[in-house]
C-alpha cells in the first residue's frame, strides 16, 4: 500500500551497515545521486542502499566483491532507477542463489469444484506433511487438511485461503534435490475473490487447475485476469481425467482461445475416463504410472511398453509442443526451421523461459481424486515456476516521490516485508507476511511504513493450515505469520532504515448489502465480530445508515454475507436478524442542464449569501468518474469559495437526490456567480453548490443504474430447459451455451436485483445438482418502471422517517 505523505520514524543509518553491504552486495551500481552528507566525496555511483542514505566506500570493496569501480563506471543518469533483474541474478552471491533456487512460493487457483483442495491434499501427502488423505466434504468426520473451518467442511467449499509448506525431493542428474514449497490453497467462489487477489499479490507462481470435462469456466477467466494483473507465471493442470467425457485437448484449446495465452500439453494421457492409468512425459518421452497405496509409487517405463496408439499420439503431441515453443523461443524456432529435433535440456529450458516470461503455459494431465498425476505437477513446479530471485520485487521510495526501487532477496540486507492477510488466532491477530528483502527474526523491531509505529515481533510461525510451527527467523523470499503485530492488510514493514512502501492488492467494490441486527441485544460481541471481519476481509464493509440507524453490511454476493452471518452465530454466539438485501444502485444524468442558484439566509447577525451559475452534464466516462470544473472569468468568485464549491459537489455525489445512492459520470461546471461583502462564506458556497446540484440533477434526465452480473450456470444436460426458463423469467440475456458429454454450462448477463433467491430455485429445478457463479460486469440503466418504483419507495420511506421524528 502506498504511504505517500506519511510521517516516518526511521532511524538514522548505522555505520556497521557499510561492511554488511560490502560483504553481500554483488550488484553493479547503475545510477547516480546527489551526494548526501554522509556520502563519499565526488562518488558518481549509488546503490539502492546508498540512495536511502547509507554510505558505500567503493574503492575498498570493488576489487573483491564485483562492484563497479569509480574509474570503470558507465555513463549514469542523475535520476535513480530500478535495477534490471538480469543484473541482480548475474551478480548474486552464490550462497544466496543456491538457497533461493530451492524455494518456490506458489498458489493453487481454479473455478469452483475443479479439485484445488483435493489436489493440495495429495501434495501434502506425497511430500510427507500429512500421513493420510481425507476428502473435501468431511464425509469421514475429518475433512481435507486445508479446509480447517467447520463451514468449509460442511459446504464442501474453500472460504478462506490456507497456507502451508512442504519439502519435495526431486531427482536431478541422478541426485536427490530438496525443494522448499510455500503453498496457498485459494477459494474458487467469486464471493471470496479477495482471497485469490491477496494470495497472487505475494506469490511467485501459480498452478491453474481446469476440469477435463468443463474446461475453461467463468471463474477460470477471473483467475486468469488476476494472474495477469500481478504478472504471475503459471503452469496448468487438467484435472478429473477419470470422469466420463474427459477431454484434455478441449481444455487446452480453450486456454489458447479464451484465455489468450499460448498453451501446449507436456503430457498425454494413457487411457481415459475409467481406464485412465497414467501419462506420457513428452519432454523425456517416458511413460509414468502411479502404483501402490494412493499412487505413492511413481513407476517409469519405456514407450515400447505402452499401446501403439498412445505412442503415436505422444509423438504427434510432442511435435505440437515443439511448434508452440518455436513461437515463443528463438532457440527452438531456429532448430524447428532447420528441421532439427531439440534436445531434452533445450525443451526444458525453453519451457521455463517462456513460462517465466508469461508467454506460455505448460499443461499437465491427471486426476487428483484417483491419485494419478500429482507428483509430476510438483516436478513441474520445481522445473518451470520461478524462485524468488527470478521475479522482480519493486518498492516505492517515499522520500523521492515514490520512485520505484529494486528489492534484493538477501538475508543480510535491511528487512522489507508486506502484510497480505490477517486472521484472528488464539494468541491475538495473526498477520501473514511475505519477506521480500532481509530476514525477519524473533524479538526484532519493525516499523509500519503506513503509521510509522515501531513494533516488536514476539513470535514467528510457519502455517500448516490451522496448525503453527514456531521458528526463530524467516529468510528473504519466504512467507510466514507473526503474532502481536497491529496492522491492516496491505501494510509494508521495514527495519526502520529504508523509507520504502509496497503497492497493495486490488480490492473490488461490494455489490450487495443487507441490514443486520443482533436478536438479543448482544452488542459487544456483535461489534467485536464485525470489526474483526472488516480487518480480515477488505471486501466486507459495514456502516450505519444515518437516517434509519440500521447497521448495513456489504459484500461480494449472497453467499459471502450468508457465511459471515453464520460465523457470527457459531464463533461469537450472536444470532442475527437480516433485512432484505439491498442492491448497490448508482445515479447519473443523461442531458445537459444549466443552473443559476442563489442561497440567501438572514439570521440575527451576519447572514449567508452565495450565488453559483453554470451547468451540469454527463461525462460519458467509461469508469464513471465525476468531475468538477471552474471556468470563472474576472474573479467573481474567489479561490477559497471555489474550493468550498468543489467540496459541496463531492459531498453531493456521495448520496444522490433520487434514491440516496452514489452518483456516477456527472460533471459540474461553475462559470459565474456573485458574493456579498459581509454575508458570503465558504459554508455558504458549499451549501449553495449542494442545493444547486440537487435541483439541477432532477432536471437533467436522471437515470438510476443497476449492477449487471455475469452469470454462469452448470447443471446436467437433462435440466437445460429448466435453467433456460429460470433465466428467461429474470429477463437475462443468454450469451453462450456450451453442451458437454453429461452437463452443460450456460453464460448470461442479468441484473443483480433479479438474481436474489436464485440459488434456492436452482437447487429445486435441478434436484440439487446445479451450481452457479456470478461476478460484477457493469452498471446499466434500470427499466423505467423499476426506476419509478425505486423513487416512490425512497420518497415513501423518507416521509415515514420524517413523520416519526
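Using N, Cα and C of the backbone, Cβ positions are placed for all residues, glycine too.
The model shown is predicted, which means the values in this text are computed figures rather than measured ones.
Annotation source TrEMBL lists domain 'Tr-type G' at 101-389. Marked as GTP binding site by TrEMBL: 110-117, 185-189, 239-242.
Sequence features annotated in TrEMBL and their locations in the structure.
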residue: 110; record: GTP binding site; contacts (Cβ under 8 Å, 6+ apart): 116, 188, 208, 209, 210, 219, 220, 223
residue: 113; record: GTP binding site; contacts (Cβ under 8 Å, 6+ apart): 157, 188, 211, 771
residue: 186; record: GTP binding site; contacts (Cβ under 8 Å, 6+ apart): 107, 108, 109, 116, 158, 161, 195, 196, 199
residue: 189; record: GTP binding site; contacts (Cβ under 8 Å, 6+ apart): 112, 157, 158, 159, 219, 557, 559, 773
residue: 241; record: GTP binding site; contacts (Cβ under 8 Å, 6+ apart): 212, 248, 269, 272, 273, 276, 365, 366, 367, 370, 372, 373
The domain 'Tr-type G' (101-389): mean pLDDT?
-> 88
Just counting, how many other CB atoms are there within 10 A of the CB of residue 116 (GTP binding site)?
-> 27
